[in-house]
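Input: a single structure, listed below in structure tokens.
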Amino acid sequence: MICNRLWGDQTESSLKFFNISTEKMPWELIKALAQIKRVSAQVNYDLKLLDYERSQAIIAAVDEILSGNHKNEFPLSVWQTGSGTQSNMNMNEVLANRANELLRKNQINIVVHPNDHVNKSQSSNDVFPSAMHIAAVVNLKTKLIPVIKLLQKTFLKKSIEFRNIIKIGRTHLQDAIPLTLGQEISGWDFMLKNNTNHIQSTILDLSALALGGTAVGTGFSAHVEYAERVVLGLSKLIHHSFFSAPNKFESLSTCDAIVYSHGTLKGLAISMMKIANDIRLLSSGPQCGLGELIIPANEPGSSIMPGKVNPTQCESMTMSCCQVMGNDLSISLGGSSGQLQLNTYRPLIIYNFLQSIRLLTDSIKNFHDYCIVGIRPKFKRIEKLLNKSLMLVTALSSHIGYDKSAQIAQTAYLNGITLKAASIQSGYVTEKQFDDWVCPENMIYPDM
């Protein structure tokens with residue numbers, strides 16, 4: 001023990017030689033390491049590789065950590081050895097020293113060693129990638145996916161609520177034919193359904209654990225039954241069906257499952273960027289922009305312009321999305337840079353992966369609670385813009401042809417007159433025909 005801390009020499013050495021920046025190993029990863037150590041202690045006892053007293057002392061020490069104690073005992077920087085060995089040893093040292101305290105308290109005169117006992121049947125090279133997968137699965141399932149579904153459910157509700165509000169569509173940021181506000185929002189709803197499916201599809205590969213592969217994937221120094229038993233124990237502890245990776249050489253030498261999974265997080269960030277930017281455009285103005293949506297006025301928008309309401313939730317959301325997209329590049333570079341039997345960019349990769357989950361989870365929750373729930377349509381503005389649009393001329397095209405319809409639209413635009421006036425003036429259409437044919441209500445569904 002060093003200076004009344006539970007860590008030991010290897011942790012202290014890492015603090016000295018890797019005193020870099022402020023990014024620490026994420027607690028989610030620390031927790032996953034602890035869970036592996038807990039189950040390993042039990043499995044090693046069951047396989048008669050570890051005595052009862054030591055195994056129970058290790059388990060008791062782990063349970064203290066899983067209860068939220070001893071967080072200050074894990075101080076290491078992300079910018080350490082690329083295998084995560086120093087964080088694995090940090091965990092081994094803390095558990096060994098705490099287990100020894102518990103044994104002494106119970107007057108049991110034996111010693112728990114960080115390598116010989118806590119790390120038995122393991123290597124940092126199979127423990128750390130397994131902890132990465134565990135942390136990824138748990139945080140995707142319990143944090144990110146639920147908030148995506150929450151937002152998607154609200155979009156579905158809004159799409160039904162606004163299904164009868166007809167508005168002008170826009171392509172290339174130019175006026176297009178009509179659709180309903182509900183139809184527009186239904187696109188956002190379906191984007192999130194797709195994102196959820198894509199993210200969930202990666203959980204199977206993340207459920208493969210490298211444990212039992214030890215140093216290079218051969219399993220040397222691990223009991224032949226260790227891998228299957230430890231995976232079964234982790235599945236019970238975490239309430240998720242993990243399985244032993246079928247090829248340990250792949251699972252040690254690559255981070256492909258994490259790289260692929262983060263690609264779906266980047267996909268979610270892309271979708272959220274589009275949705276947030278759409279809302280910024282639709283709420284712009286409000287008097288001199290599109291102004292079709294009213295967003296909640298959560299806080300003063302300007303220190304100089306009274307009464308200004310800014311789309312701050314959209315801005316926060318899109319900044320988070322930018323960071324996630326940047327994280328994806330870092331993860332891709334790290335994933336592609338492993339050599340031979342081991343990827344040595346793992347701390348970088350899992351730090352960015354878990355940051356992306358936190359950013360998306362928190363941003364989507366805020367975006368939902370403080371923006372989407374309170375969005376309202378500005379009915380008069382929507383109606384005014386719909387009736388002004390020259391693209392309603394598209395309804396005439398099937399009756400008088402494309403060229404004549406285009407001529408009418410150009411005449412209306414150049415002379416500053418209504419589409420109806422230009423149509424009657426052209427002589428191609430009577431007033432009654434215009435009223436019968438140019439009807440936005442009939443332009444929001446396929447032709448019968």
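Using the three backbone atoms N, Cα and C, a Cβ is placed for every residue, glycine included.
Because the structure is a prediction, the values reported are computed rather than measured.
DSSP assigns HIS172 (active site, proton donor/acceptor) to coil in the three-state reduction, placing it in neither a helix nor a strand. Swiss-Prot lists HIS172 with the feature active site, proton donor/acceptor, giving sequence analysis as the kind of evidence.
For SER302, the entry in Swiss-Prot reads active site, with the evidence type sequence analysis. There are 10 other CB atoms within 10 A of the CB of SER302 (active site), with all protein chains counted. Under the three-state DSSP scheme, SER302 (active site) falls in the coil class.
The Cβ of PRO114 (substrate binding site) has 23 neighbouring Cβ atoms from other residues within 10 Å, across all protein chains displayed. What Swiss-Prot lists as substrate binding site is 83-85, 113-116, 123-125, THR171, SER303, 308-310.
What Swiss-Prot records for GLU315 is site 'Important for catalytic activity', and it gives sequence analysis as the kind of evidence. For GLU315 (site 'Important for catalytic activity'), applying a Cβ distance below 8 Å and a minimum sequence separation of six or more within one chain yields ALA276, ARG280.
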Original post:
Hey, how far is THR85 (substrate binding site) from SER302 (active site), Cα to Cα, in Å?
Top reply: 49
**OP:** Between the Cα atoms of SER302 (active site) and ASN310 (substrate binding site), find the distance and write it as a whole number of Å.
**Re:** 8
Original post:
What count of other C-beta atoms do you get within 10 angstroms of the C-beta of HIS172 (active site, proton donor/acceptor), across all chains shown?
Top reply: 6
Original post:
Between the binding-site residues THR85, SER124, THR171, LYS308, whose Cβ has more other Cβ atoms within 10 Å than any of the rest?
Top reply: SER124
